[in-house]
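Data first, discussion second: the structure below is written as structure tokens.
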Amino acid sequence: MRVHEEASEDKEREVEEAPDLMPLSPPPTAAATAAVVAVAGQRLVVGYALTKKKVKSFLQPKLLSLARKKSIHFVSIDETRPLSEQGPFDIILHKLTDKEWQQVLEVYREEHPEVTVLDPPNAIQHLHNRQSMLQEVADLNLSNAYGEVCTPRQLVIMKDPLSIPSAVAKAGLTLPLVAKPLVVDGTSKSHELSLAYVETSLSMLDPPLVLQEFVNHGGILFKVYVVGETIRVVRRFSLPDVNIYDLENNDGIFRFPRVSCATNTAEDAEVDPSIAELPPKPLLEKLGRELRRRLGLRLFNFDMIREHGRKDRYYVIDINYFPGYGKMPGYEHIFIDFLLSLVQNKYKRRLSGS
């Protein structure tokens, strides 16, 4: 697992030209992998099934230009035609949530094991529900010399808003609470947050939802992108800390749009160094590697916060499949190198007969 950190504008240009990767083991160079494609005598064909919004944000001109130089060809998949009649593909990228498409893709994977599907639909489903999303992090129980990784205590509410206060009391959760939609369906609404300060306001929430205990974290969130064995970390502004005054003087529900979007970057902001300091690389490498293995995914990100006043305690609060990589500095080189590495690994398996 390799770690990138957010760079300044000048450094970012350097990253885009020659990404400063930290490999767990020496990776194949992009030139060497591109040579494998050339030896095979054909282009690398990547089919994609993405929403219009995702196509615009991900397939940016610079990515497409770099792909052409590396003999990678992106082809749009027509959902109205049988998938088996399209292609042939070497790789399929997708982020469509309807069940019919998921079933089509599962059948295609069984019939075409030679095609790499990023990522398996059944693995992605795990992240569509916030009840199960963080379970792998909790089960990991990661704690080492570099820190401890936790998940917030949470409670799932399926219906009946009037029952929420008693359910919270029974579960022993401490206010304030962050409310998030239970289902993550790719819409902006599924990423909206609400903050409830007092018990009487809980019945104003709209189930189904997940309630998470709010953890003060200095108003800074670390967004950790995973692309295969490479990770990159960026800072984002988050919800501000809550103090006693807030608890005593707020009695409603405060709703927030998507908090950690790219416009909330905290890279150039004047922030207390103890709050802005990135999580230790060895901890992120271990966490990224374990989540990749446990989730069965190669394209995802997770939101992490550091408990204010606890330098070594971190919380993972959200995980997303195929996030907005277009907002990740230097993503073009990272993603193209990842696609080429898939080809080389497949080529090596063929040579070894496995």
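Each residue, glycine too, has its Cβ placed from N, Cα and C.
Here is what TrEMBL records for this protein:
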BINDING   Lys54, Lys95, His191, Lys223, Asn320, Gly324  1D-myo-inositol 1,3,4-trisphosphate binding site
BINDING   Arg130, Lys180, 212-223, Ser238  ATP binding site
BINDING   Asp303, Asp318  Mg(2+) 1 binding site
BINDING   Asp318, Asn320  Mg(2+) 2 binding site
COMPBIAS  1-16  compositional bias 'Basic and acidic residues'
DOMAIN    45-124  domain 'Inositol-tetrakisphosphate 1-kinase N-terminal'
DOMAIN    144-340  domain 'Inositol 1,3,4-trisphosphate 5/6-kinase ATP-grasp'
REGION    1-24  region 'Disordered'
Rounded to the nearest Å - Cα separation of Phe214 (ATP binding site) and Lys54 (1D-myo-inositol 1,3,4-trisphosphate binding site): 31
For the domain 'Inositol-tetrakisphosphate 1-kinase N-terminal' (45-124), residues assigned helix / strand / coil by DSSP: 36 helix, 17 strand, 27 coil
Residue among binding-site residues Lys95, His191, Gly218 with Cα closest to the Cα of Asp318 (Mg(2+) 1 binding site): His191
Shortest C-alpha distance to Ile220 (ATP binding site) - which of the binding-site residues Lys95, His191, Asp303, Asn320: Asp303
Cα-nearest neighbour of Asn216 (ATP binding site) within the listed binding-site residues, His191, Lys223, Asp303: Asp303
Nearest of the binding-site residues (Lys54, Lys95, Gly324) to Asp303 (Mg(2+) 1 binding site) - Cα to Cα: Gly324
Cα distance (Å, whole number) from Asn320 (1D-myo-inositol 1,3,4-trisphosphate binding site) to Ser238 (ATP binding site): 17
Largest separation between Cα atoms (Å) of residues that the record links to 1D-myo-inositol 1,3,4-trisphosphate, namely Lys54, Lys95, His191, Lys223, Asn320, Gly324: 20
